[in-house]
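Written below as structure tokens is the structure these notes are about.
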Amino acid sequence: MAGGFGGGGGEAIAGRAEQYEGKITGYFILACIVGSFGGSLFGYDLGVSSGVTAMDDFLIKFFPDVYARKSAHLHETDYCKYDNQVLTLFTSSLYFAGLVSTFAASHLTKRRGRRATIMVGAVSFFLGGAVNAAAANVAMLIVGRLLLGVGIGFGNQAVPLYLSEIAPYNIRGAVNQLFQLTTCLGILVADVINYFTDKIHPWGWRLSLGLAMGPATAIFVGALFLPETPNSLVEMGKLEEARRVLEKVRGTRKVDAEFEDLKEASEAARAVRGTFRNLLAVRNRPQLIIGALGIPAFQQLSGMNSILFYSPVIFQSLGFGNSAALYSSIITGSMLVVGALVSMVVVDRLGRRFLFIEAGIQMISSMVVVAVILALKFGHGEELSKGVGTVLVVAICLFVVAYGWSWGPLGWLVPSELFPLEMRSAGQSVVVCVNLFWTAAVAQCFLAAMCHLRWGVFILFAALIVVMSIFVILLLPETKQVPIEEIWMLFDKHWYWKRIVRKDPKYQGHHHQMAAAAAGGAKSGSSEV
């Protein structure tokens, strides 16, 4: 295929990977479970905020104008029921806070490790949940959302790195996708909670928002027992502790090959100054374009988060009743979990590129179906028939499940794989910043876009997914089965990127140094055997 390697990927890499030893240990499983639950913070907020903004009690207290408009169109469809910029600011303010805080998280991640960053994020998220639950006015709501945003900025910065670094290379894709799985589970749990709290008048929305403190507490307590990643410990100069943790996580003392790769990557990292500036170097152009800018932006421009944020609002606007809208959100949340589970099973077998491309076709088709139905049947002041409504829900579910096994998990997995150690923390901060910027922008603009573009907003998303799919086909090499410290070699063999990276004089020295070290390690390993 045009963009990279069609096979396992690892076969094209000359390194020590074949010498790595280890097994799946209980200690490793515990670390993955606790670490991945950082995604539940992100997911719970996505789900709970979408449901709360559709609750009458919440709207009456904070957004009476929106409630009045909604009541006027209670029994008919209307694209513009929820077009209110203050209401969308309630959703998007969290993501603006997250994109700023991620740079502070980068510094903490590099200096104090991935675990400390996860714990700080949990504390901030807990405080945000408490403030939102007690909110007496819109200002308190926004302050609570900002605290939640700081928590998500820290968590999203550290958790994908943590999972990618602690995982054996051959199952790194599945392990990293635990972040997306717990994000999806958080959304589903929030949808179920919203369904029941909507029936508790007039304070059910407070319970929904306040329960965010639950996962935050669990993550903080669990993180007290987490090991730091060996990569991070080596980066901080704690070599003995790093080897001890690596042996414990892998369940064997034969970790020489992997440990040597970590040390060499760390030595290369220490030789680099100005890690954020280093992102702009020619030799790192693929990581910048694909990992830091392209994939995190496209993940949001797919339109998925619009559906996650506003699925109850969308379904109500399409003529569904209040409870029916929340119930439909539970269905779409379930589809997201199904997609995440499918991706975990197949991502290290079928590869990242296959999932991106297949899902792109499915998502484009679904958006076109939604747009055509709305263009023909919607916006005439009449309720949609049950048959048409069912087709809409099915089309949205097919879109959601495809996103659930592609852009959702891979949008975090692939960037976390691409960056070399010397700029991994800085690179992940840019990933989170770009991701949250577009998350906030889409959240802030979607309801207005739906009001003004009407069904055309779904055609817009379909067109963007076409662009995203072409981007993947042409520019993304396959990273499955490739050790994380050897992924940089893929770009030296890629049909397009090799012409870019080889223009950097520093790349040649780095390339020969790393290749010689890998060859030396392989020779040494074979002689030992």
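Glycine is no exception: its Cβ is also placed from the backbone N, Cα and C atoms.
Predicted automatically and left uncurated, TrEMBL annotations should be read as such.
For 24-44 (among others), the entry in TrEMBL reads transmembrane segment.
Taken from TrEMBL, the feature domain 'Major facilitator superfamily (MFS) profile' applies to 31-480.
Taken from TrEMBL, the feature transmembrane segment applies to 86-105 (among others).
Same-chain residues lying 6+ beyond the ends of the transmembrane segment (117-136) with a Cβ under 8 Å from its Cβ atoms: 35, 38, 41, 62, 105, 108-109, 143-155, 157-159, 162, 206-207, 209-213, 215-217, 219-220, 223-224, 226. Per TrEMBL, transmembrane segment is recorded for 117-136 (among others).
Annotation source TrEMBL lists transmembrane segment at 203-226 (among others).
Among the features that TrEMBL reports, transmembrane segment is placed at 288-313 (among others).
Here TrEMBL flags 325-347 (among others) as transmembrane segment. Same-chain residues lying 6 or more positions outside the transmembrane segment (325-347) and placing a CB less than 8 Å from one of its CB atoms are 47, 50-51, 54, 173-174, 177-178, 180-181, 183-185, 187-188, 190-192, 194-195, 198, 307-308, 311-316, 355, 393, 396-397, 400-406, 408-410, 413, 480.
Under the heading transmembrane segment, TrEMBL lists 354-376 (among others).
Here the transmembrane segment (388-408) has Cβ contacts under 8 Å with residues 180, 183-184, 298-299, 302-304, 307, 311, 315, 318-320, 328, 331-332, 335-340, 342-343, 346, 355-356, 358-360, 362-363, 365-367, 369-370, 373-374, 377, 468 of the same chain, all six or more residues outside its ends. According to TrEMBL, the transmembrane segment annotation covers 388-408 (among others).
Residues or ranges marked as transmembrane segment by TrEMBL: 429-449 (among others). Residues 82-85, 87-89, 91-96, 98-100, 102-103, 105-106, 149, 152-153, 156-157, 276, 279, 291-293, 295-297, 299-301, 303, 305-306, 309-310, 313, 411, 415-416, 457, 460 of the same chain sit 6 or more residues outside the transmembrane segment (429-449) yet have a Cβ under 8 Å from a Cβ within it.
Taken from TrEMBL, the feature transmembrane segment covers 455-476 (among others).
Taking residue pairs at least 6 apart in sequence, the transmembrane segment (354-376) and the transmembrane segment (24-44) share fewer than three C-beta contacts under 8 angstroms.
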